[in-house]
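For reference, TrEMBL has these:
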BINDING   Phe24, Gly26, Gly28, Glu68, Ile254, Lys256, Gly258, Ala296, Thr299, Glu304  Ca(2+) 1 binding site
BINDING   Glu298  Ca(2+) 3 binding site
Amino acid sequence: MASLKVPASVPPPQEDAEQLNKAFKGWGTNEGLIISILAHRNAAQRNLIRQVYAEAYGQDLLKDLDKELSNDFERVVLVWTLDPAERDAYLANEATKRFTSSNWVLMEIACSRSSHDLFKVRQAYHARYKKSLEEDVAYHTTGDFRKLLVPLVSAFRYEGDEVNTMLAKSEAKILHEKISDKAYSDDEIIRILTTRSKAQLNATLNHYNNAFGNAINKNLKEDADNEFLKLLRATIKCLTYPEKYFEKLLRLAIKKIGTDEWALTRVVATRAEVDMERIKEEYRRRNSVTLDHDIAGETAGDYERMLLALIGHGDA
């Protein structure tokens, strides 16, 4: 269930486009008006607003927002206003660039989106960058990271609840043998993690826990400084318990010395319409304080107001 609060009676997109255009006029931008509209419209409504705005004013709404806003507030508004597939394509492309490269962001997009959504991301990437996502991921990664990430971003998993128990038992055994041998990037581990449905993976990992007395991620903590192992553990968490993965990401972004605004922006903008309620519950359970409280304590101004609106707090 999404956290985004869409007003019961949403004005027509023509009215929203007109109000946004007004927000850019006169002395200084009306940031409050921008938040009151964009933070309370779902993806389909935001797409319509962008279309109507372009028709009415001959301008790209994103370009006008870019011109009028600045800093973290600008970034969260722009990332949020993008269509979800377009947004993920942009985030993935940033994650393959030299100075903004991030294996974690690539993994996160591949593991926490549905097969259909990930397929749309690949289409959006192709349309925007004139090459494939797989091509860029393969070019910008090496070794074990490439071995894991290319099939992850290429995946088209079965989305249903059907589970093969015998298969879960046999693949739990395979995983345990490979991990015991420290063959962490073995083809079989990669195959299981990058092809099986999330329901099947959960069954396999539950059997692993029951049969071998340890959760798989405990057994993958042998070498605390191994970056590939860290990514492998995060992959498993993101595939099986995305709310726990994103809670930890938010906690680390907020608690570090000097808030990691980019991680905070990315998680809030990408999860607000997906599973933010579950992430908030997990955050409260894990930290004994609400996510709203911590965001309000670490951010300020229009950026804070936009984030709080997106996670479903209040009306501003």
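Each residue, glycine too, has its Cβ placed from N, Cα and C.
Nobody curates TrEMBL annotations by hand; they come from automatic prediction.
Note: the Cα of Ile254 (Ca(2+) 1 binding site) and the Cα of Glu298 (Ca(2+) 3 binding site) are spaced 7 Å from each other. Phe24 (Ca(2+) 1 binding site) and Glu298 (Ca(2+) 3 binding site) have their C-alpha atoms 28 Å apart, to the nearest angstrom.
Taking the Cβ of Glu298 (Ca(2+) 3 binding site) as reference, residues of its chain lying under 8 Å away and at least six apart in sequence are, in sequence order, Ile254, Thr259. Of all the binding-site residues listed here (Gly28, Gly258), it is Gly258 whose C-beta has the fewest other C-beta atoms within 10 angstroms. Counting only same-chain residues six or more apart in sequence, the Cβ atoms lying under 8 angstroms from the Cβ of Thr299 (Ca(2+) 1 binding site) belong to Asp72, Thr259, Glu261, Leu264, Leu307. Neighbour density for Ile254 (Ca(2+) 1 binding site): within 10 A of its CB lie 20 other CB atoms from the protein chains shown.
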